[in-house]
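Copied over from TrEMBL, here are the features:
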type: ACT_SITE; residues: 105; note: active site, proton acceptor
type: BINDING; residues: 10-29, 87-90, 170-172, 197-199, 213; note: NAD(+) binding site
type: BINDING; residues: 54, 57; note: substrate binding site
type: DOMAIN; residues: 1-226; note: domain 'Deacetylase sirtuin-type'
Ligand code: APR
């Protein structure tokens, strides 16, 4: 029976692919205040600005590639059951070959209408004002904005409870409920936190590896395969 590795990844996972993190760019997202481009209030106030913000990030995502950390995690599936719970909205884990990925904060390459996330559409192009779904309702990015529910959090909690190994990669652990997931894994399993500027975890059982993701992931894999 393969051991179950649970990975909790954040923006630092994709930094080496060229995608900006959120809190490394002094709190501005591509020059925008986060609440003006990632909240229902911001969308209501200026939908065109919000749609354009995500259009720019979607176009950039289609120009970048998974990095060595994504690729190494995908390879882990040869020897382990691997569940990736990511805060990232990019598809780089999937493009690297990981087959079991859940996106807590939504997906940049998906859309939904402004009334419900019951129906999700693939979306590789811009979303503009007056782009509507088949029911004639305005489309929006399938992103969980600040203040909105995190539909996959219960599924993520269930996954964490069955972890044999936990690897946290490239997250400042500041956004909840995602940041609480690490407390739901079994107490005595091996836990690693890879981050080039790690946040305090207040948990001495977590082995902190202060490296960038590509270096840290390969170090952890060497230890796991010993
Ligand atoms: N390798 C490893 N870690 C890195 C690298 C790297 N190359 N570059 C940056 N980091 C680390 C930073 O030190 C930081 O701890 O990645 C983390 C990025 O933190 P944030 O920018 O806060 O991103 P994240 O934790 O994913 O944010 C969580 O907040 O803004 C919302 O919804 C958004 O999903 C996002 C959530």
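Here, residue 1 is simply the first one shown, and the rest follow in order.
Backbone N, Cα and C atoms are what each Cβ position is placed from, and that goes for glycine too.
Shown here: features listed in TrEMBL, placed on the structure.
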{"residue": "10", "record": "NAD(+) binding site", "CB count, 10 Å": "27"}
{"residue": "14", "record": "NAD(+) binding site", "CB count, 10 Å": "26"}
{"residue": "18", "record": "NAD(+) binding site", "CB count, 10 Å": "12"}
{"residue": "22", "record": "NAD(+) binding site", "CB count, 10 Å": "18"}
{"residue": "54", "record": "substrate binding site", "CB count, 10 Å": "22"}
{"residue": "57", "record": "substrate binding site", "CB count, 10 Å": "19"}
{"residue": "87", "record": "NAD(+) binding site", "CB count, 10 Å": "23"}
{"residue": "105", "record": "active site, proton acceptor", "CB count, 10 Å": "21"}
{"residue": "170", "record": "NAD(+) binding site", "CB count, 10 Å": "28"}
{"residue": "198", "record": "NAD(+) binding site", "CB count, 10 Å": "20"}
Residue 54 (substrate binding site) in three-state DSSP notation: helix
Rounded to the nearest Å - Cα separation of residue 198 (NAD(+) binding site) and the residue listed as 'active site, proton acceptor': 21
Per-region confidence, the domain 'Deacetylase sirtuin-type' (1-226) (mean pLDDT, whole number): 95
Distance from the residue listed as 'active site, proton acceptor' back to residue 87 (NAD(+) binding site), taken between C-alpha atoms, in Å: 5
Listed recorded positions with Cβ under 6 Å from ligand 1, out of 14, 105, 170: 105, 170
Proximal residue to residue 54 (substrate binding site) among recorded positions 14, 105, 170 (C-alpha distance): 105
Rounded Cα separation (Å) that holds between residue 22 (NAD(+) binding site) and residue 57 (substrate binding site): 12
